[in-house]
Amino acid sequence: MALNVAPVRDTKWLTLEVCRQFQRGTCSRSDEECKFAHPPKSCQVENGRVIACFDSLKGRCSRENCKYLHPPTHLKTQLEINGRNNLIQQKTAAAMLAQQMQFMFPGTPLHPVPTFPVGPAIGTNTAISFAPYLAPVTPGVGLVPTEILPTTPVIVPGSPPVTVPGSTATQKLLRTDKLEVCREFQRGNCARGETDCRFAHPADSTMIDTSDNTVTVCMDYIKGRCMREKCKYFHPPAHLQAKIKAAQHQANQAAVAAQAAAAAATVMAFPPGALHPLPKRQALEKSNGTSAVFNPSVLHYQQALTSAQLQQHAAFIPTGSVLCMTPATSIDNSEIISRNGMECQESALRITKHCYCTYYPVSSSIELPQTAC
């Protein structure tokens, strides 16, 4: 059966903060200039916030005394940006939920969500045979939107590198400190004023970047602390300031969604049962000053690796004891250290079993210096 995930209605993106000065009756700005809402008495205000009328945004509200706010132009622009951002988040959540349902019910056919460009399918790569443990891969889950995925590679065992298309163009769109210049204003025939046009009307043409016909916004002016006598950046009007703040809020939410999508993509890249917690390493007792025996069987590898690979890597790990200063009596080693130096154990025991000995028999007339670790 097919999975149909219905979008969840959310009215948070329609919520606006009410101007506190307006509630006290001391706000000197008009409804079109203030960046906060000035609701009439018919609107319901809860905890200093008011909900905007969705029908008013569409231009179809016919209520005489609407209990929702009919926002002015600059606040309507901010709400439209929030609405598009909320729609993207809903579709992203629906896609990730459908992906998780596919893992829970393997026989369920999964239909990709439209309007999203998806990354390429994960294919084979010859680099896996040389480095099967860790391979860099950019999370490219088929149903997760590529606009919210980070470009930083994620280390996933046994995964080939996958590139996400369109990430460079997305980074340019996420610039929140630039505004497009009104082309009609540049021609001198823009009928809208500076406070009504949704594009920038810079007073100085030197501010305009000719490569993309944009101007850089003075962020200090938006924060109310620009003290330059002649600023080289653009000082936007109130409605464009609201647009920039909404774009910054959208970029922050997109970054949070990107982290969540990357984490979900990393988890879903592993097959079920491949990730297990590492067991605690067994503590080996020390005796007579010797260090612990290093046993390769204590090492823990992931169950996804084959046993042949384990044997190849474990073959190069030496086993046995590491000696330091004082040898143990239980160690099967043919070396003993006396006050005269290092001598052959079999020579000391007067046992001759082979013609050539690798150790020099020390006589009483030769004194060798004792080496320390």
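Cβ from N, Cα, C; glycine included.
Taken from Swiss-Prot, the feature zinc finger applies to 13-41 (among others). Non-local neighbours of the zinc finger (13-41) in the same chain are 48-52, 54, 69, 71-75, 79, 82-83, 85-86, 195, 238-239, 241-242, 245; each lies 6+ residues outside the stretch with a CB under 8 Å from one of its CB atoms.
Using a Cβ-Cβ cut-off under 8 Å and counting only residues 6 or more beyond its ends in the same chain, the zinc finger (47-73) has close neighbours at 11, 14-18, 20, 31-32, 37, 39, 79-80, 83, 196, 239. Swiss-Prot lists 47-73 (among others) with the feature zinc finger.
As annotated by Swiss-Prot, zinc finger applies to 176-204 (among others), with the evidence given as sequence analysis. Across the zinc finger (176-204), mean pLDDT in this model comes to 85.
Feature annotation from Swiss-Prot assigns zinc finger to 212-238 (among others). Panel annotation: around the zinc finger (212-238), residues 32-35, 74, 177-181, 183, 194-195, 200, 202, 206, 244-245 of the same chain, lying at least six beyond its termini, place a Cβ under 8 Å from a Cβ of the stretch.
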